Every structure is written in structure tokens, then in C-alpha cells.
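Feature list (source: Swiss-Prot):
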- T187: FMN phosphoryl threonine (MOD_RES)
- 20-40: transmembrane segment (TRANSMEM)
- 42-62: transmembrane segment (TRANSMEM)
- 69-91: transmembrane segment (TRANSMEM)
- 123-143: transmembrane segment (TRANSMEM)
- 215-235: transmembrane segment (TRANSMEM)
- 242-262: transmembrane segment (TRANSMEM)
- 267-287: transmembrane segment (TRANSMEM)
- 301-321: transmembrane segment (TRANSMEM)
- 322-342: transmembrane segment (TRANSMEM)
Amino acid sequence: MVFRIASSPYTHNQRQTSRIMLLVLIAALPGIAAQTWFFGWGTLFQIVLAAITALVAEAIVLRLRKQSVASHLQDYSALLTGLLLAVSIPPLAPWWMVVLGTGFAIIIAKQLYGGLGQNPFNPAMIGYVVLLISFPVQMTSWLPPYEIAATTPDMLDTLRMIFTGHTASGGDMTLLRIGIDGISQATPLDTFKTSLRAGHSVEQIMQYPIYSGALAGVGWQWVNLAWLVGGVFLLWQKAIRWHIPVSFLLTLALCAALGWLFSPATLASPQLHLLSGATMLGAFFILTDPVTASTTNRGRLIFGALAGVLVWLIRSFGGYPDGVAFAVLLANITVPLIDYYTRPRVYGHRKG
């Protein structure tokens, strides 16, 4: 009688990487639709630019490394990296910025480390942070949602803005950022932080048009809820586990609630933190990256909680209005340590 000895792992998941990546791309559709609805065609154009750049950059590096281009491109990881970066930057950012950021994400943050599965940091967030540090003005120049915008560019004007910086009538970014109150608009988090520094009270800030009739900023709450819908879809499909998004959101909400309770005149409310900025995008689509996140269940809870604390600290006391990207990268640094101390005991062995 012949006995076959198989090596671990003894349980297998039949889902391939390409299928998981495709599920994430599908889950991103509600968020993309919401951002396009509130901020215009620029979101779609940036996604197309980022996707093309990601595929070309990946193909070039794979060819230089003498690896199969077709098989690697078919895992959709490059497309997902480009998409996550594209939806994180302002919709009318110059074309060369998304090309530069995506190229850096693919070539430096991913392929330089050996490709998919080898990178210690989330490539899309590396690209985003490089752009934010290098071009802070352009990276914080978000359009006001169409509901409070004085001027809304059409599809052709959006293309002109991205590639030339001007509309057909000669308008520029400064003009397009003006709201119905005649004041240049920013994101709810940016407006909150800037206004506090200018000496305005929270009560005064909440009267601004960007917060009018909204829990966390006109348009932005619906964008976050749309990303939440996509996240629930990923949980339903078991493409991601619940530990990271739940621990992240609960920790962020708890920190925000405690801060708001003790200092309501200087700190943002929990709903502003949860439904503004890149909160839901980060919780379900960025932090859950299986390559750069913790691999144990306890580790995932710690990883998500750490990111939640960091986001709140950066938003409340840091120099940037939204801290999701920095929090993700800082949490990525701790993953080896978290995994070391949370790895499960080998069956049949006692702790030494």
C-alpha cells in the first residue's frame, strides 16, 4: 500500500487572485458612480488614465524582468492599484500627476520589491503620498459637489481642464472651485481644519454651505455610503474579512466620540469622521489589502484599530486634513511585528 504525504496548507481556497481582484473592481462601482455624480466626469477620466499607466508600467517592468506579461496583467492587481489612486485624487488634477503617481506606485512601490505579494506597503497609497507631499496645492484642490458649485464643467471642459488647465471659455481651477456663496470651496475635512485655524468656532463652521443639510458634508456622505455598499458586497462575497474594517471604523468612531465629548469646540464629530474623506474607501478597499495587512485574525483587529487611531490623530492634530493614506502606510510598517506576536500556536505544541 502506498501512502502519499502532502505538505501544508491542507485546506485550499479555490478562488484565484484574479477573481478576488475582479470582485473588488466590481465592488468599487457604487463609489465610482457616486463620485462621478457629485464631482463630474473627471473621476472617470482619471481612472482611465491611471489604468492605462498602470498596465503600461507593469508590462514594461515585467518585460525587463523577463517575466510573462500576459499572465501577470490578467490578475487585475495593476488595474486595482490605478483605480484606488485615481479615486483618491481630485477629479481635475493635471494628467501628468496621475501618470506620475501611478507609475511610481507600480514601478517603485510594487515591482521594485518583486511584484504582487512582495510589497510591504500599499502601492496606491505610496503613489498618493508622493503626490500629496510633492504637489500639496493640486492634491487638495477638490471641486465643490455639484449641488453647491457655482460652475459645473461639462465633459469636454473636464478634458480640457485635465490636459490644459483651462476650460473653453478660459476658466481655471480657481473659478471652478467657487461655490454658490462666492467662496472657494474645499473638502469638509479641509474646510473644518482650515476654519478652526482661522479662529472660527465649530458652530460657525457647521453653517457653511458644504455642511448644509448634511451629516458630514454635501455629497461626501453619499460617496462614503456608496463605498460602504461596495464594502458590504465584498464581505458578502467573502473577498475580505470583517476584522479590519470593523475594528478600524469602531476605533475611529470611539476616538472621535471621546474627543468630541471632551472638546466639542475644537474637534470634529464622529459622523464627520465616519462619513467624510476617504474613510469607507480606506476601511474596505485599502486597509484590507491582503499583501500589506496583518494575516492573523487577532492581528487584523489590532491593525485596523491602529489605523483608526492614526487617522483620528492626523485629522485632529496633524498638518493634513485626511490621514487615511499616512495611517495605512504607518500601519503597514507594524505588520511584521503584529504578525509575530499574534501568530497562532502550532497544533500539538505548547508555548515556549
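Glycine is no exception: its Cβ is also placed from the backbone N, Cα and C atoms.
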Which chain-mates of T187 (FMN phosphoryl threonine) that are at least 6 residues away have a CB under 8 A from its CB, listed by sequence? T140, W142, G217, W220, S276, G277, P321, D322
Using Cβ atoms and a strict cutoff of less than 8 Å, what residues sit near the transmembrane segment (267-287) while being 6 or more residues removed from its termini? 24, 27-28, 31, 84, 87-88, 122, 124-125, 187-189, 192, 202, 215-217, 220-221, 224-225, 227-228, 230-231, 234-235, 240, 244-245, 248-249, 252-253, 256-257, 259-260, 293, 303-304, 307, 311-312, 315-316, 321-322, 324-325, 327-328, 331
Can you tell me whether DSSP puts the residue listed as 'FMN phosphoryl threonine' in helix, strand or coil? coil
Spell out yes or no: are there three or more C-beta pairs under 8 angstroms between the transmembrane segment (215-235) and the transmembrane segment (20-40), with each pair 6 or more apart in sequence? yes
Output the single range from 42-62, 69-91, 301-321 maximising the number of Cβ pairs under 8 Å to the transmembrane segment (123-143). 69-91
Folded-back contacts onto the transmembrane segment (301-321), same chain, C-beta under 8 angstroms, at least six residues removed: 132, 140, 186-187, 189-190, 192-194, 243-252, 254-256, 259, 267-268, 273, 277, 279, 282-283, 287, 293-294, 327-328, 330-331, 334-335, 338, 342
